[in-house]
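What follows is a single structure, written as structure tokens, with notes after it.
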């Protein structure tokens, strides 16, 4: 009999553990793989393997990050855990590992701590859509009233940061008890909290909308004039799909309103394509557009789906000297280049009131004013460059103008 083909039948969801140092993020990550491995739905990854996470580079920044994968009956998960607090900040801002949902780990005896708040705030600013809470180390608490107080405090913290605090599932348990248990019985009581948590993640974290189902958008990388045929723009489709006859807008890099045009052809590797979809590198032929009227850095998009803006708020991580960043602080009025999708645009930085300067290694919210509007939206990631090197990474948290 022929071998069965592996079918990816389950939806794929990206999750990650967040929370204060030593509250049990890595222990929980290891415990999830251990318990699901008993069901044959994961490979066990030990605490030490996660703790000694390999380094990756994203947008010019080095981040220590560990990826594990596992399955439930309903979904396939990729799960990220970062050993250091700074690595979390860098991962969330660069989007090195995108999260469709987060598991916030809080130690019951300690309650919410400064990094708990910081991670929740960041999760809000980088548009993590949903969160589930694992209240850890409950075996160290025998006072039910105190546990309820910690839960109340957590729900309030989540509500204050724009998450639906009253709805967020809070699962109580001990990650260490699950991880150190010798039992191979999936129904052992110490494993119940892990199964309950995965159930909550399955139920509460929504399946992400696939990029292909979103409105069309393609950042323009190059422009060619083809004699007798018109102008072709090339790039990688970021989301949605495009076909001949579609109306699209050319957006950004100008103070004029976006221009509308019609797609007269889509090509890939010199061959005609019926439809280009998210992830494809394509050439798009545009009707009635001169070679000089379109440039790299603009985007091609479904009409009305994205607008050009020049002023926005952003959450930014400023690289340390050791990471190849600046050696000195910068002040309000600093004018670096912002590398947004396919282009560098000069912009001025305005620091929040009461903040005199920004040091290398800081994580800060700032307002940015570009010299020309570009297509941006909340959640969009960018790099800050100066003299050809990356000095920071950011994510748009709000549009101002």
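Each residue, glycine too, has its Cβ placed from N, Cα and C.
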Given ranges 132-135, 136-139, 140-143, the stretch to which Swiss-Prot attaches the annotation region 'G4': 136-139
Segment assigned the feature region 'G2' in Swiss-Prot (from 60-64, 65-69, 70-74): 60-64
Among ranges 19-26, 27-34, 35-42, whichever one Swiss-Prot labels region 'G1': 19-26
From 53-56, 77-80, 81-84, 85-88, the residue range that Swiss-Prot assigns the feature region 'G3': 81-84
Which of 25, 85, the listed binding-site residues, has fewest other Cβ atoms within 10 Å: 85
Closest of 19, 82, 138 to residue 26 (Mg(2+) binding site), Cα positions, binding-site residues only: 82
Least buried by Cβ count (within 10 Å) of the binding-site residues 19, 22, 26, 82, 138: 22
Residue 82 (GTP binding site) - helix vs strand vs coil (DSSP): coil
Tally of DSSP helical, extended and coil residues in the region 'G1' (19-26): 2 helix, 0 strand, 6 coil
Residues in the region 'G4' (136-139) grouped by DSSP into helix, strand and remaining coil: 2 helix, 1 strand, 1 coil
